[in-house]
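One structure is given here, and the rest of the page talks about it.
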């Protein structure tokens, strides 16, 4: 069963306008609606991470997420905080969120004791840049991508496990779009080889492709028109081993998953009936 992460950005400069919720009341309303229409988890981003994003201090990140965490205090297990800043992460841990999502993949060992004492799940993301936000200068070649991603995760998972973090708390995100390369071919190669990654790593995978640059480069459309391409990529990811999908359109994805699962049941039933006919 796939877990759907709905994207909620508490920023002024996220690359997809419709994901932005700047006022606390609007953010709470949007989060509740996401949970209603199909999100299992709301992934809350207090700072953008695309190449043109402006820096946000930990104090401002905390100021942005605090009202939402107050409002969702009885559903903290369904909240993820998307931040790579240790101060924000420690605050989120103290509030009892269900997930921490780090685009740098938790590089700071000083945070590990706090993580080990908590029980939230960790989305450990790979990026070619290794630190900071996505850039247009990193360039991971398609033919090198899988080996590089596996090497990164083997080292990072080992470090987290040695610090006392249980393996069943770890979720791995290979990174997509500018986090891999400005060239769409790298993301397409990784997306088409999810099964290989999952077999090599042996841990759950999260895939986040929603409205990303490589989709636009592939189909020749702007961000605002990438809903159908995003859904197609997300369904491909689910069919090829993704356990978690992070999306701007959780309601659409949930409907598509429901239909796909229903169709699979009918296909299985029909195959079983044909077997009985030939018995």
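Positions of Cβ are set from backbone N, Cα and C atoms, glycine also.
Features reported for this protein in Swiss-Prot:
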DOMAIN    1-258  domain 'Pterin-binding'
BINDING   9  Mg(2+) binding site
BINDING   49, 178, 213  4-aminobenzoate binding site
BINDING   82, 101, 173, 212, 246, 247, 248  (7,8-dihydropterin-6-yl)methyl diphosphate binding site
BINDING   101, 173, 212  6-hydroxymethyl-7,8-dihydropterin binding site
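When the Cα of residue 248 ((7,8-dihydropterin-6-yl)methyl diphosphate binding site) is compared against those of the binding-site residues 9, 178, 213, the shortest separation belongs to 9. When the alpha carbons of residue 82 ((7,8-dihydropterin-6-yl)methyl diphosphate binding site) and the residue listed as 'Mg(2+) binding site' are compared, the span between them is 9 angstrom.
Note on proximity: among 9, 178, 213, the binding-site residues of the record, the Cα nearest residue 101 ((7,8-dihydropterin-6-yl)methyl diphosphate binding site) is that of 9.
If you count neighbouring Cβ atoms within 10 Å for each of the binding-site residues 212, 248, the highest count belongs to 212. A simple Cβ count within 10 Å picks out one of the binding-site residues 82, 173 as the most packed, and that one is 82. Under DSSP, residue 101 ((7,8-dihydropterin-6-yl)methyl diphosphate binding site) is assigned to a strand (E or B) in the three-state scheme.
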